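Participant: For LYS7, PHE8, GLY9, GLY10, THR172, ASP173, the entry in TrEMBL reads ATP binding site. What TrEMBL records for THR46, GLU73 is substrate binding site. What TrEMBL lists as domain 'Aspartate/glutamate/uridylate kinase' is 3-229. For 340-398, the entry in TrEMBL reads domain 'Aspartokinase ACT'.
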Amino acid sequence: MSVVIMKFGGTSIATPQLILSAAKKIAREKKEYDVVVVVSAMGQATDELVARSQEITSQPRARELDMLLTTGERISVALLSMALERLHLDAVSYTGSQVGIITDTRHTDARILEVKNYRIKEALRENKIPVVCGFQGVSTEKEITTLGRGGSDTTALALSAALNAEMCIIYTDVDGVFTEDPHQFPGVKKIRTISYEEMLELSCRGAQVLHPRACRVAARFTVPVEIRNSFNNRRGTFITDLGDIERPRPKAITHSDNLYLVTLVQVPKRPQYLSQIITELTHCGVHLKFFFHGIADAKRFDLSFITPLDERKRVKSLLTKIVKKLRVNMIKETTDICSVSVIGMGICAENDILSDIFEVLSKSKIHVEAVTTSELSINIFLRKKYLNRTIHTLLSKFHLKSAPQRSRRGR
Ligand code: ADP
Ligand code: ASP
Ligand code: MG
């Protein structure tokens, strides 16, 4: 029988009742397939565990944090297995380590090196349903690790690839992938199919519906993925390798408002300085979303970086050290910056799309700070006060939201 992986996110199993209804969905799928289940921690359990550690110390050791956070998923797998037993299905719960999800040693942000599948195949042979903890593994040093926040998606896709699964179904709290976040922008449209590349771009630029690392695994092993709502039985969004290559069009919009902009003002113009700064930042694991090298005068230049906001402390302290060494005049910083990204395969090849964007933004009196383009996206950086207006303007321009419902009064 072919294997299907079913992954349930935290909101989908937030209460015992929801765990029972997830079990019913699994029971239905089990009639046709060999099912392997991956689950997250219930509701906000992981946030609560983080908060509890903060009550003890503001800087817990990463090893101990991993040990703590992995307990959230252990509760879910045990309860879901009990729920399946109640439906007379033979289920067996496993930690990441028990099924041989081998990672590197980066605590709190580990990468999967290998999936040994120790006990999953054996359980499937016995017609059991393996219920596996998402988000965790065991390192090459035999330590318990986590894959970083949102990492259960990656577990689900890694198991799908290792088991050559027919499909990986990601159950969440929305009907699929939409043209923007449906919770923040009501009226956006559901996307029926999206390519791996577009989905990856969408998630890297802000849409958290599927973790970027999970998208990469799906694309690399061409695992068919469906994102579905766990609260209804509607068909969701399919992620496949079919793109609209010959018909470039904006497919979705996403945004990020957790950004940090920092500028080194008047860096002396020496060739090694730029590489020195970039190397120091990237070696310390800073994620550069954007950097801009502007010319101030013949001898000095300004250098601006945009990074995720949660890296602010690290970036600031690194740059402060660099500034002293390089005799830079000043650091300017702001958190009043956000990005809006228009996603679609090949959209940059269509000049009309870029000019349309600038035309509507200028009509709406929206001031753009910076722009980057790639084969898959046009990314606009702006002050936060323009964020919502920009998204609404672009959703309307590219017909990415449904027409407002007509009033039935007077009929
Ligand atoms: P889970 O707990 O199931 O992993 P997440 O919170 O990680 O769920 O992801 C689902 C959320 O992603 C949705 O509730 C929605 O608010 C958000 N989201 C952001 N952008 C999009 C989008 N383009 N389409 C669908 N959902 C999106
Ligand atoms: N429970 C973990 C988190 O909240 C992993 C996940 O939900 O994917 O980040
Ligand atoms: Mg998630």
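Here, residue 1 is simply the first one shown, and the rest follow in order.
Backbone N, Cα and C define each Cβ position, glycine as well.
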Participant: Just to be sure I understand: of GLY9, GLY10, THR172, which binding-site residues have a C-alpha no more than 10 angstroms from the C-alpha of THR46 (substrate binding site)?
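Facilitator: Among GLY9, GLY10, THR172, the ones whose Cα sits within 10 Å of that of THR46 (substrate binding site) are GLY10.
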Participant: Taking the recorded ATP site as LYS7, PHE8, GLY9, GLY10, THR172, ASP173, identify the other residues of that chain whose CB atom sits within 8 Å of the mean position of the site's CB atoms, giving them in sequence order.
Facilitator: THR11, SER12, ILE13, SER40, SER152, ILE170, TYR171, SER230
Participant: Please state how far apart, in Å and to a whole number, the two most distant Cα atoms are among LYS7, PHE8, GLY9, GLY10, THR172, ASP173, the recorded ATP-binding residues.
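Facilitator: Result: 12 Å between the two most distant Cα atoms.
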Participant: Which state, by DSSP, holds GLY9 (ATP binding site): helix, strand or coil?
Facilitator: coil
Participant: How does the model score the domain 'Aspartate/glutamate/uridylate kinase' (3-229) in terms of mean pLDDT?
Facilitator: 97
Participant: Running a distance check here. Ligand 2 versus the binding-site residues LYS7, GLY10, THR46, THR172: which have CB less than 6 Å from one of its atoms?
Facilitator: GLY10, THR46
Participant: Would you mind sorting out which binding-site residues among PHE8, GLY9, GLY10, THR46, ASP173 put a C-beta under 6 angstroms from ligand 3?
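Facilitator: The qualifying binding-site residues are GLY9.
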Participant: Between LYS7 (ATP binding site) and GLU73 (substrate binding site), what is the CA-CA distance rounded to a whole number of Å?
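Facilitator: That comes out at 12 Å between the alpha carbons.
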Participant: Determine the minimum-neighbour residue: among GLU73, ASP173, listed as binding-site residues, which Cβ has the fewest other Cβ atoms within 10 angstroms?
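Facilitator: If we count Cβ atoms within 10 Å for the binding-site residues GLU73, ASP173, the smallest count is at ASP173.
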Participant: Would you count the other CB atoms within 10 A of the CB of LYS7 (ATP binding site), including those on all shown protein chains?
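Facilitator: Excluding its own Cβ, LYS7 (ATP binding site) sees 30 Cβ atoms within 10 Å.
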Participant: Of LYS7, PHE8, GLY9, THR46, GLU73, the binding-site residues listed, which put a C-beta under 6 Å from ligand 1? Please answer none if none do.
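Facilitator: Going through LYS7, PHE8, GLY9, THR46, GLU73 in sequence order, those close to ligand 1 turn out to be GLY9.
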Participant: Can you grab the distance from GLY9 (ATP binding site) over to GLU73 (substrate binding site)? Cα atoms, rounded to a whole Å.
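Facilitator: GLU73 (substrate binding site) has its Cα 10 Å from the Cα of GLY9 (ATP binding site).
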Participant: Determine the Cβ neighbour count for THR46 (substrate binding site): the number of other Cβ atoms within 10 Å of its Cβ.
Facilitator: 24
Participant: How many whole Å apart are the CA atoms of GLU73 (substrate binding site) and THR172 (ATP binding site)?
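Facilitator: For GLU73 (substrate binding site) versus THR172 (ATP binding site), the Cα atoms are 16 Å apart.
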Participant: Using DSSP, what's the helix, strand and coil tally for the domain 'Aspartokinase ACT' (340-398)?
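Facilitator: Per-class counts: 30 helix, 16 strand, 13 coil.
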